[in-house]
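Engineer: One structure, pasted below without further comment.
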Amino acid sequence: MRSSCVLLTALVALAAYYVYIPLPGSVSDPWKLMLLDATFRGAQQVSNLIHYLGLSHHLLALNFIIVSFGKKSAWSSAQVKVTDTDFDGVEVRVFEGPPKPEEPLKRSVVYIHGGGWALASAKIRYYDELCTAMAEELNAVIVSIEYRLVPKVYFPEQIHDVVRATKYFLKPEVLQKYMVDPGRICISGDSAGGNLAAALGQQFTQDASLKNKLKLQALIYPVLQALDFNTPSYQQNVNTPILPRYVMVKYWVDYFKGNYDFVQAMIINNHTSLDVEEAATLRARLNWTSLLPASFTKNYKPVVQTTGNARIVQELPQLLDARSAPLIADQAVLQLLPKTYILTCEHDVLRDDGIMYAKRLESVGVEVTLDHFEDGFHGCMIFTSWPTNFSVGIRTRNSYIKWLDQNL
């Protein structure tokens, strides 16, 4: 009996050691976040073991776990019709909200899910619930794009998928089919989906063939650059769940089908050192000492290496491509963008990406709403239902939908 108690105590202590991580006191629901993070880390470790054993690529294994536990069929309710179809060969899930009697045509949001360009799905519960809520509360048509993921495809194929699906949706006959007002369409996405939405928005401003233009763009804690992994938010949240800096850098390397040997060098900005000429002209576009308010820069110092590893940018020129890093786009492109909403979270390595993008857009005359949540963490907006219901998840979702309702 005593040995059983000792064993149980040891197991509980081991579990607590695995789950517990130090978190700032201001983060929403800290113990729940620890449990969520521990679950995700556990799934990552299982997928890494599967990869080590040669059974599957670790990202395929991890996404199989995520989708298996969260996949939801296209189930319609009395208020929202949900169907799976494809737009020009790209899978989409369409949510058709109830029409308003006084408005024969509906508003619409094209939504792109997050997941590091490699994980999640438009068909998992978290995104299905988000899009259902948007369709019902906005009386809108929501098109959620099921773009192809790493490692089946790499940059820029994800962009090609979302562009192709969105262009198809914008055809007059397709908008008419779904009873959508061509003047009230928004592009939106979270995390890597926010990256793809921003890239699509920039591309569409330069496409003269498009008859129907986007009215709005709404970016939720978007990832927007890979030149500086030592912005104040990267330094502050280096180990913060659910997106530590090391994991974000690996997502970038995976997106470009790069070499993991580059990760440590990129973490200390060796890929954009002063001797890397290709990056020289772009540094000013994300100079956070001038783009960020003092309340965010605090006492953090820029990390600029004098000499680094020029081979990284030579082998991964995509790092300096505005399609992958919309924050470094030319001013001439930025000034053509529509009214913009950007949601950022304090406890997120990507916080400063969003704030700097808002600042650059404002500087060229784009109307921007920057919605910052002091207790937010990366990914929080999709965590609104039990057992992963966070108070900040509900507040961010409500704030996002409220802005869409007022502006779309």
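Backbone N, Cα and C define each Cβ position, glycine as well.
As annotated in TrEMBL:
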ACT_SITE  S191  active site
ACT_SITE  D348  active site
ACT_SITE  H378  active site
DOMAIN    109-260  domain 'Alpha/beta hydrolase fold-3'
DOMAIN    320-381  domain 'Alpha/beta hydrolase fold-3'
Engineer: Can you give me the same-chain residues 6 or more apart in sequence from H378 (active site) with a CB-CB distance under 8 Å?
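Structural biologist: When sequence neighbours closer than 6 are ignored, H378 (active site) has S191, Y221, T240, P241, I242, L243, C345, H347, D348, V349, L350 within Cβ distance under 8 Å.
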Engineer: Which one, from the active-site residues S191, D348, has the smallest tally of other C-beta atoms lying within 10 Å of its C-beta?
Structural biologist: D348
Engineer: What is the pLDDT of the domain 'Alpha/beta hydrolase fold-3' (320-381) when averaged and given as a whole number?
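Structural biologist: Residues in the domain 'Alpha/beta hydrolase fold-3' (320-381) carry a mean pLDDT of 98 in this prediction.
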Engineer: Summarise the domain 'Alpha/beta hydrolase fold-3' (320-381) as counts of helix, strand and coil residues per DSSP.
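Structural biologist: The composition, in the requested order, is 23 helix, 19 strand, 20 coil.
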